[in-house]
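Undergrad: OK, Swiss-Prot features for this one:
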- 133-335: domain 'ATP-grasp 1' (DOMAIN)
- Gln292, Glu306: Mg(2+) 1 binding site (BINDING)
- 411-558: region 'Oligomerization domain' (REGION)
- 683-878: domain 'ATP-grasp 2' (DOMAIN)
- Gln833, Glu849: Mn(2+) 3 binding site (BINDING)
- Glu849, Asn851: Mg(2+) 4 binding site (BINDING)
- Glu849, Asn851: Mn(2+) 4 binding site (BINDING)
- 945-1081: domain 'MGS-like' (DOMAIN)
- 945-1081: region 'Allosteric domain' (REGION)
Amino acid sequence: MPKRTDIKTILIIGAGPIIIGQACEFDYSGAQACKALREEGFKVVLVNSNPATIMTDPSTADVTYIEPITWEVVERIIAKERPDAILPTMGGQTALNCALDLHRHGVLEKYNVELIGASPEAIDKAEDRQKFKEAMTKIGLGSAKSGIAHSLEEALAVQAQIARETSSGGYPIVIRPSFTLGGTGGGIAYNREEFEDICKRGLDLSPTNELLIEESLLGWKEYEMEVVRDKKDNCIIVCSIENLDPMGIHTGDSITVAPAQTLTDKEYQILRNASLAVLREIGVDTGGSNVQFSINPEDGRMIVIEMNPRVSRSSALASKATGFPIAKVAAKLAVGYTLDELKNEITGGATPASFEPSIDYVVTKVPRFAFEKFPQADSHLTTQMKSVGEVMAMGRTFQESFQKALRGLEVGVDGLDEKSSDRDEIIAEIGEPGPDRIWYLGDAFRLGLSIDEVYAETAVDPWFLAQIEDIVRTEALVKARTLDSLSAAELRLLKQKGFSDRRLATLMKTTAQAVREKRIAEKVRPVYKRVDTCAAEFATNTAYLYSTYEAEHGECEADPTERKKIMVLGGGPNRIGQGIEFDYCCVHAALALREDGYETIMVNCNPETVSTDYDTSDRLYFEPVTLEDVLEIVDKEKPVGVIVQYGGQTPLKLALDLEANGVPIIGTTPDMIDAAEDRERFQKLLHDLGLRQPPNRTARAEDEALKLADEIGYPLVVRPSYVLGGRAMEIVHEPRDLERYMREAVKVSNDSPVLLDRFLNDAIECDVDCLSDGKRVFIGGVMEHIEQAGVHSGDSACSLPPYSLSQATVDELKRQTAAMARALNVIGLMNVQFAIQQKGGEDIVYVLEVNPRASRTVPYVSKATGISLAKVAARCMAGQSLDEQGIHDEVVPSYYSVKEAVFPFNKFPGVDPVLGPEMRSTGEVMGVGRTFGEALFKSQLAAGSRLPEKGTVLMTVKDSDKPRAIEVARTLHTLGYPIVATRGTASAIEAAGIPVRVVNKVKDGRPHIVDMIKNGELALVFTTVDETRAAIADSRSIRTAALANRVTYYTTIAGARAAVEGLKHLQNLDVYDLQGLHASL
């Protein structure tokens, strides 16, 4: 059936901020869908609260709303835009849940809007655990023995029933809440106490207060099938995926391999037929789904775990692994096409989309964790997802792609590095999976354990264990050799197994440089193969490439052109401190330079992103972003310029080495990047410009640090040099804390010194993004942070334009920014962080740090001002001046845009959610309003902090915050919210003549604050404490209780003031489209 003509306007719901379990794969699918539907002549309206996405670029959809994704707000957009249909399958769980809410509240009916891509019935049947189980039984597929519970009593009854059916004693047992994402709130319980804890949390987090309690399948094998089905019942399997880690670990936290490696042909056909039966029964007939299976290795019993009736993390992986654009195809199926009518773009239309992709290589995905940011979190892997990003690699064999993926992770390893030689530690680590288990598996074989012994501890399939054992055995042989004694054939064999130059250098006690020179001399070089969906049966016209070491005269398919090329280095895996914002910049660089007639080359290894989409750049190399891999590509392609300032710290770390190897880096020079990063050089630069910095010193030993600290005076910010995301930063108030820090943090510093800065109390922090062509400096935007200095800039909310600074201060910030940009000869982007302290009625400006690269605020500033800074800066790097691009005056919008950070604390119950100098947010949202208050309120709503319409507010603040707390209390009282406060705070509020009730601090006896939070007596909590370790520890129970009981809380007085500002706007919400806002500038 050709496309439908009865619908004209389609609303796409995005996925919102990046959280654990829902990352930038939905930006990739949403951007694809917008493109696909506009190609077909539909008008596309998009809503997404995340400004760091490509899909919210004003050019991606026809009308773009950066607004909170709640059904009430989306209803306003529907009323304004009157779409004919909603496509809810591109925005992950957020979009599905929002679409179901619209359905339940009668909004779809009221405005006569149809859901396309998946019907409410199909979504419900797939997402509602009980209905799904009944559907599976109906088509004769097994599912785990389980039951549904809506209360703790029911849950215990189900558990007892399963214990009787499975004769397993009833533990371990798995708990899965309905309609949540990435297994949120779920887990595995090994005893009754754990069971009750997990059930209570799960009931609370499930929007339908429903749990599925099921038998434990720990140790079973897990597989996924990516399936696409159309109205005519054409079905194709895009890709089979096998989890290296057995059941019991969320698939998002597992190492996965495609295509599945350990299935026999017969088993594969059984899974294939089963997955098609599942789609038919659930009723998915216009798009993609992923179906997860589990197989008991003992007796072959197969069961269906779950299916997602939408584009998912796995489908992004399958798209990148095969080159088959699932999201684009699913969007076209949703408007009536069938698979045989669509062409496969990769083969230039030589094959229809109804051909199943076949691949002649192996793909390995490895997750990236961020537990170093959450030392109190439980790092054991269970059914609740905890990873923050992932790396994908391709090779001709499992070993090659596996070792490439490990070095692409950027966790300080070059392959299967040694973790430990302590037998007890190794046995414990392989038995209880944590983020490093794969390296401990290598250590187990180094100890001499057999495959059977390791299998007994881990339940990892013996085929994978044999591959890992072989890598370890090979390493032992290499250790006994010298580099000179290796023949070309031996070296090639090692490279075919995926060993990196650096790993070989470590094993043979030499340098990576020496290994590289030997390789070049012996002509052992990689060849590049194309991803073509058809195992090279048809010619492909897209250059989507990966490296591999083949036999001596292996055919290289790179086939470089003679055009002028610019190469962009991507940011590698998502992590806290380096996320989608950097990918956004890389994509914009590729798009801008492509428009200008350069051939663009992208190098990256993150499968979730738009940058690794085969049609973002002219040529895509899906490779780890390491020196060895980048130098080989440069040698092949010979670009005229390489951009390193867009991918965050990942490419920057390579800048000096690349330059030393003759790679043409364009934009700000690596030497100047170093001048800004190196403490002593930067100090001299500021001194020459006559700019202020907080008093600071550099210490190289503990005793020296204590002496220097006394010179500056406490409180201090201490940190190692060269960090991103504030890793290992702390605010210390006394020598005792500093001693402890020096003992613990020297581990972090790799012989690099520790930096001490005077901490500026009660300062306002600001960010300025600017760009320069080497002559003129253009200010992109000045942002004022809402949280005070001392909260990491990535975790602070901020406003553009500033909401409280005087024009004179803003002008001074711009003057200082321009002076530094000139002194550093910046070509491209630069970001400066300032702190402003009031002394005697005057604003004193201090420079905190300068980053001569793209910063994480670039996408937000671009959305707020309507100028794509990353595009303009990329053109500057390629030699176009600002005048030639017609960029003259800074844009200061007449409306406010507020960016707010989003945190993963609900995934890590043990972690204290207090904000500090370490960055811990995973994503961001933006709110737009005519006033600062309106924009702020929307940013809170979008970040999931519900501001209550009524109810009691608790205030407990440190002494220095009391004057401002009185103002907050006065507004609350005027708005009609009753106030309770702890003794000290209450007497200050009372003295100002505002009614308040006194409550007990936790140490003053019961009933105290935490009891009130647990009993649901409080609607909002404002709690601020001194930055001392003791004060933070004392008050921790208030914050964790508020978090656990889902009471909205603010831990800074600035946040509290902002929240109260937002409370004034509860009733009247307006929605604004980006195109309309930009047109008004």
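Glycine is no exception: its Cβ is also placed from the backbone N, Cα and C atoms.
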Undergrad: Measure from the Cα of Asn851 (Mg(2+) 4 binding site) to the Cα of every one of the binding-site residues Gln292, Glu306, Gln833, then give the nearest.
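TA: Result for Asn851 (Mg(2+) 4 binding site): the nearest of the binding-site residues is Gln833.
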Undergrad: Using C-alpha atoms only, work out the spacing between Glu306 (Mg(2+) 1 binding site) and Gln833 (Mn(2+) 3 binding site) and round it to an integer in Å.
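TA: Taking the Cα atoms only, Glu306 (Mg(2+) 1 binding site) lies 47 Å from Gln833 (Mn(2+) 3 binding site).
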Undergrad: Long-range same-chain neighbours of Gln292 (Mg(2+) 1 binding site), Cβ under 8 Å, sequence gap at least 6?
TA: Glu222, Tyr223, Glu224, Thr251, Val304, Ile305, Glu306, Met307
Undergrad: Here are the binding-site residues: Glu306, Glu849. Which has the lowest count of other Cβ atoms within 10 Å?
TA: Glu849
Undergrad: What is the total of other Cβ atoms whose distance to the Cβ of Gln833 (Mn(2+) 3 binding site) is within 10 Å?
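TA: Other Cβ atoms found within 10 Å: 19.
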Undergrad: Would you mind giving the whole-number mean pLDDT across the domain 'MGS-like' (945-1081)?
TA: 90
Undergrad: On the three-state reduction of DSSP, what should I expect for Glu849 (Mn(2+) 3 binding site)?
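TA: Glu849 (Mn(2+) 3 binding site) sits in a strand per DSSP.
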Undergrad: Per DSSP, to which secondary structure element type does Gln833 (Mn(2+) 3 binding site) belong, with helix, strand and coil as the options?
TA: strand
Undergrad: How would DSSP class Gln292 (Mg(2+) 1 binding site) in three states?
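TA: It is in a strand.
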Undergrad: Residue counts in helix (H, G, I), strand (E, B) and coil for the region 'Allosteric domain' (945-1081), per DSSP?
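TA: Tallying H, G and I as helix, E and B as strand, the rest coil: 67 helix, 18 strand, 52 coil.
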Undergrad: Does DSSP give Glu306 (Mg(2+) 1 binding site) helix, strand or coil?
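TA: DSSP assigns Glu306 (Mg(2+) 1 binding site) to strand.
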